[in-house]
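Enquirer: According to TrEMBL, the record shows the following:
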- 52-71: transmembrane segment (TRANSMEM)
- 77-110: transmembrane segment (TRANSMEM)
- 131-152: transmembrane segment (TRANSMEM)
- 172-190: transmembrane segment (TRANSMEM)
- 197-221: transmembrane segment (TRANSMEM)
- 285-308: transmembrane segment (TRANSMEM)
- 383-404: transmembrane segment (TRANSMEM)
- 416-437: transmembrane segment (TRANSMEM)
- 449-470: transmembrane segment (TRANSMEM)
- 482-504: transmembrane segment (TRANSMEM)
Amino acid sequence: MGHSDTEEAGIKGSNDHVHDKAIHQTDIDGSSAVVGEIQEENKYAYDDSRKLGITGAVFLILNKMIGTGIFSTPSSIFAATGSVGVSLMLWVIGGFLTFCGLSVWLEFGLAIPRSGGEKNYLEHIYRHPKYLATCVLASQMILLGFSSGNSLAFGRYILYAAGNELEDTYKARGVGVACVTFAVILHAVAPKWGIRLFNALGVFKVGVLLFIVFSGFAALAGRRLVEDPRNFDNAFALEEGDGYGGGGAYEYSNALLNIVYSYKGWENANYVLGEIKDPRRTLTIAAPLAVGGVTILYVLANVAYFAAIPKSALAKSEVIVAALFFRNVFGDSAGANVLPVFVALSNLGNVLAVSFAHARLNQELGKEGLLPGSRFWGSNKPFNSPAAALFLHWIVTMIVLLAPPPGPAYNFIVSLYTYPGAWISIFVAAGLIYLQYQKKEVWNPGWRTWLPVTIIFLLCNAFLAIVPFIPPSNGDFWGDGYPYYVFPVVGVGVLIFGGIYWALWTKFWPVVRGHKLVAERIIDEEGVEVVRYRKVKVVKHV
């Protein structure tokens with residue numbers, strides 16, 4: 001275990017500052033390499049005005065967590081359970097499981113306060129084979145780390161507010177292209193304004209949810225335009241009615257799975273720790289504050305929905321529960337015109353937060369020399385921002401947004417993003433248990449996750465990884481136009497592809513070309529991170 005590979009490179013680089021002469025080294029697999037002169041050198045220096053404080057970190061997390069889920073998911077949760085009380089308890093359980101994961105990520109974030117999130121954690125735990133875990137993660141984060149879902153949702157709700165149908169059309173996708181292009185250009189050219197905008201949209205999102213919550217309190221007091229749905233009478237009774245109830249283990253599992261995914265985004269600040277002021281202090285304050293706030297808002301928003309929407313209407317509302325809530329409390333004009341704009345702005349905040357964080361992860365992969373054209377993707381030129389990495393995020397988003405036809409194929413690709421993350425989280429949690437109890441190195445980052453909490457998080461992700469393989473209890477094997485098992489099989493396939501890429505990129509291709517590009521990461525005397533790329537000639541021993 002010991003130091004991560006990048007840490008060892010940093011120690012070596014700081015002791016040998018010039019590196020102008022050729023260096024001889026031996027790889028793990030026994031191949032010999034002669035390191036030539038520096039091909040390129042990139043520096044990564046940010047003044048404090050560019051870095052996120054506690055407020056910025058809170059809204060970076062909030063913006064990714066609060067997307068369209070809380071405005072629509074409650075419908076499917078109640079339809080599966082048929083119980084108001086059980087539905088609310090599942091949302092509370094989802095918040096608890098999120099805190100379990102957050103504790104694991106906090107411990108790693110305090111131990112390794114660098115941008116990259118689980119990339120750094122997997123490298124520290126699974127050091128051999130070198131970079132295998134990183135390539136597996138890269139496969140998920142690059143191929144599936146897009147902003148297509150929220151970009152399209154932005155386009156759909158903007159057009160809906162203008163009087164169009166709430167459909168997946170190429171007109172809506174065109175507006176979505178404008179949305180993600182705006183986000184990427186803003187973060188690349190004017191990073192400070194990108195941070196200011198997602199902070200403002202974070203405040204707006206919280207304001208919208210608070211408005212729904214207090215409107216729900218008013219509905220409970222009788223201020224609504226429909227009769228009292230009396231949803232809280234015998235709240236924990238398991239009922240069956242028009243469109244709800246009667247679900248078995250499979251339906252309950254999917255309900256919890258949808259709730260856990262609605263909380264996704266709690267780890268967003270860990271991807272950008274290199275651009276956070278005093279990252280250890282900031283992370284320990286901002287992350288619990290954001291997750292705790294979102295959990296309370298999610299539960300109270302559900303209470304508000306139940307206060308104003310009859311059970312059958314809620315179960316069958318599907319598209320957007322909040323629109324039905326607004327209509328029942330304020331009338332048709334509010335539900336039809338105001339809320340779609342709110343949701344569209346919420347989607348824009350999500351796109352800004354995701355592109356900001358994922359670009360940093362893409363850049364970290366470039367810094368390691370693990371991508372074709374790593375020097376380009378890892379660069380901070382020309383605006384001292386990860387413009388090239390943002391461009392990579394934009395390319396993948398464009399492909400997913402425009403290539404698949406509307407319908408099941410597109411929905412499948414967008415929903416696939418979250419599934420492989422469950423497997424990644426399993427390995428991170430298992431690695432933390434190992435680090436806490438092994439004796440080879442000192443592991444004391446200043447935050448220790450209680451073992452039962454880590455185990456609960458590990459089992460939760462094992463549940464999320466295994467449940468999609470279980471056949472539906474209703475026998476509907478082709479529910480969304482494809483067999484139920486295709487979703488998890490493709491998700492696992494994406495991770496396996498990362499292993500294949502690792503074999504090709506680190507073993508096969510260097511032998512074919514006779515050289516490889518090696519990245520050296522150091523911290524110079526001024527505390528600035530420097531990445532140097534060297535062309536390495538590879539000679540295989542016979």
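FYI, residue positions are counted from 1 along the chain as it appears here.
For all residues, glycine too, the Cβ spot is worked out from N, Cα and C.
For each listed feature, how buried is it and what is near it?
Expert: When Cβ-Cβ distances below 8 Å are used as the criterion, the transmembrane segment (77-110) is approached by residues 117-118, 120-121, 124, 231-232, 235-241, 243-247, 251-252, 254-256, 258-260, 262-263, 266-267, 269-270, 273, 279-280, 283-284, 287-288, 291-292, 294-295, 298-299, 302-303, 306, 311, 314-316, 425, 428-429, 432, 445-450, 453-454, 456-457, 460 of the same chain, each at least six residues removed from its ends.
Nonlocal intrachain contacts for the transmembrane segment (172-190), taken as residues 6+ away from its ends with a CB within less than 8 angstroms of a stretch CB, comprise 147-148, 151-156, 158-159, 197, 347-348, 351-352, 355-356, 359, 383, 385-387, 390-391, 393-394, 397-398, 401-402.
Same-chain residues lying 6+ beyond the ends of the transmembrane segment (197-221) with a Cβ under 8 Å from its Cβ atoms: 55-56, 58-60, 62-63, 66, 70, 186, 293, 297, 300-301, 303-305, 307-308, 322, 325, 328-330, 342, 345-346, 348-349, 352-353, 356.
Cβ atoms under 8 Å from those of the transmembrane segment (285-308) belong to residues 54-55, 57-59, 61-62, 65-66, 70, 74, 84, 87-88, 91-92, 94-95, 98-99, 102, 105-106, 206, 209-210, 212-213, 215-217, 219-220, 224, 226, 229, 231-232, 262-263, 266, 269, 314, 321-322, 325, 328-329 of the same chain, restricted to positions at least 6 beyond its ends.
Among residues of the same chain six or more beyond the transmembrane segment (383-404), those with a C-beta under 8 A of the stretch's C-beta atoms are 45-46, 142-143, 145-148, 151-152, 173, 176-177, 180-181, 184, 187-189, 191, 355, 358-360, 362-363, 366, 376-377, 410, 413-414.
Sequence-distant contacts of the transmembrane segment (416-437) (same chain, at least 6 residues past either end, Cβ-Cβ under 8 Å): 1, 101, 104-105, 107-108, 118, 121-122, 124-126, 133, 136-137, 140, 144-146, 149, 261, 264, 443, 448-449, 451, 454-455, 457-458, 461-462, 464-465, 468, 487-488, 490-492, 494-495.
Here the transmembrane segment (449-470) has long-range neighbours at 97, 100-101, 103-104, 106-107, 250, 253-254, 256-257, 260, 419, 422-423, 425-426, 429-430, 432-433, 436, 484-485, 487-488, 491, meaning same-chain residues at least 6 beyond its ends whose C-beta is under 8 angstroms from one of its own.
Residues 129, 131-132, 135-140, 143-144, 408, 412, 415-416, 419-420, 423-424, 465, 468-469, 471-472 of the same chain lie 6+ residues outside the transmembrane segment (482-504) yet bring a C-beta within less than 8 angstroms of a C-beta in it.
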